[in-house]
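Worksheet: one structure, shown below.
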Amino acid sequence: MNSSFHLHFLDLNLNATEGNLSGPNVKNKSSPCEDMGIAVEVFLTLGVISLLENILVIGAIVKNKNLHSPMYFFVCSLAVADMLVSMSSAWETITIYLLNNKHLVIADAFVRHIDNVFDSMICISVVASMCSLLAIAVDRYVTIFYALRYHHIMTARRSGAIIAGIWAFCTGCGIVFILYSESTYVILCLISMFFAMLFLLVSLYIHMFLLARTHVKRIAALPGASSARQRTSMQGAVTVTMLLGVFTVCWAPFFLHLTLMLSCPQNLYCSRFMSHFNMYLILIMCNSVMDPLIYAFRSQEMRKTFKEIICCRGFRIACSFPRRD
């Protein structure tokens, strides 16, 4: 990471890759600490795994009509955001390989433009992930506290409009990031957006879980109210809480890195933290890998659809689920 305060993931990964090839004692030019090198095969492997998993998630939601609900539409949006990280990492890794092995020779200025595109994809992905998580949180809030009016409030058309708005906003953020990639204000806005959105999500969940138990009891006492539906709503809220927790753990080090890069790039302790930048990128990719596992762990319907997609028709008996009486 250089001291010009720009992201430039491709340049950083090229330096890290060269370090892996030439030896472990490669230092960042602007940092007194050694950069932690991670083999490009790790990035590529995680990228491919995440890409396949999230394609499976989207395929399951499209295939199973029982998953055609606003929450799972927002989950699908989150899966697309995770796919964007995976695709960016895979393309970036291939580009690094081609450049390092002289299979691709391009001018440094063009490398910087390619780097800006990869950075923009990261920007779009994190904004889309945060907005999708917020949409899922609001959906769970409406499900729990306005259960009797949920289907009138959260319609398929309205959820589709929300998703379209999310991706229009994220695409705009990505374009701004490319146009003003040399400005520190872009990174500052991205950091501010992350922590503001995180604060909003955490506040919403604290409020939701403080009131949920009492409200569920009141709804269950009403004539015709379904306690099973309330339990399902709470399970959905717990699932999204798990997604939010994993998202925070995996993305927070990256944004802390950006914060330190702006505030104290030459400080020894800051440099030590920033020297592990490649590990923070690995954590981001791990988030994309873990999200589909959370869907499968928390949703029996999703697990069932996963198996139907993965298993061949000739092995239906071996792959069939035991039925519960």
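Including glycine, each Cβ sits where the backbone N, Cα and C put it.
If you look up Swiss-Prot, you'll see Asn2 (among others) marked as N-linked glycosylation site.
Residues annotated as N-linked glycosylation site in Swiss-Prot: Asn15 (among others).
Among the features that Swiss-Prot reports, N-linked glycosylation site is placed at Asn20 (among others), with the record citing sequence analysis.
If you look up Swiss-Prot, you'll see Asn28 (among others) marked as N-linked glycosylation site, on the strength of sequence analysis.
Per Swiss-Prot, S-palmitoyl cysteine is recorded for Cys311 (among others), and the stated evidence type is sequence analysis.
The S-palmitoyl cysteine annotation in Swiss-Prot covers Cys312 (among others).
As annotated by Swiss-Prot, topological domain 'Extracellular' applies to 1-37 (among others).
Sequence-distant contacts of the topological domain 'Cytoplasmic' (62-73) (same chain, at least 6 residues past either end, Cβ-Cβ under 8 Å): 136, 139-140, 143, 154-156, 158-160, 163, 236, 301-302, 304-305, 308-309. Look at Swiss-Prot and you will find 62-73 (among others) tagged as topological domain 'Cytoplasmic'.
As a whole-number mean, the pLDDT of the topological domain 'Extracellular' (98-114) in this prediction is 77. The topological domain 'Extracellular' feature in Swiss-Prot is assigned to 98-114 (among others).
Residues or ranges marked as topological domain 'Cytoplasmic' in Swiss-Prot: 139-155 (among others).
Annotation source Swiss-Prot lists topological domain 'Extracellular' at 180-186 (among others).
Feature annotation from Swiss-Prot assigns topological domain 'Cytoplasmic' to 212-239 (among others); the stated evidence is sequence analysis.
Counting residues of the topological domain 'Extracellular' (266-273) by DSSP class, helix then strand then coil, yields 6 helix, 0 strand, 2 coil. The topological domain 'Extracellular' annotation in Swiss-Prot covers 266-273 (among others), and the record cites sequence analysis as its basis.
Positions annotated as topological domain 'Cytoplasmic' by Swiss-Prot: 298-325 (among others).
Annotation source Swiss-Prot lists transmembrane segment at 38-61 (among others).
According to Swiss-Prot, the transmembrane segment annotation covers 74-97 (among others), on the basis of sequence analysis. Here the transmembrane segment (74-97) has Cβ contacts under 8 Å with residues 9-10, 13-14, 17, 40, 43-44, 46-48, 50-51, 54-55, 57-58, 61, 103-104, 114, 118, 121-122, 124-126, 128-129, 132-133, 135-136, 139, 159, 162-163, 166-167, 243, 281, 284-285, 287-288, 291-292, 295 of the same chain, all six or more residues outside its ends.
Around the Cβ of Cys311 (S-palmitoyl cysteine), the number of neighbouring Cβ atoms within 10 Å comes to 14.
At the 8 Å Cβ cutoff, the transmembrane segment (274-297) and the transmembrane segment (156-179) share fewer than 3 close pairs (sequence separation 6 or more) and do not count as touching. Remark: secondary structure over the topological domain 'Extracellular' (98-114) totals 10 helix, 0 strand, 7 coil, with classes taken from DSSP.
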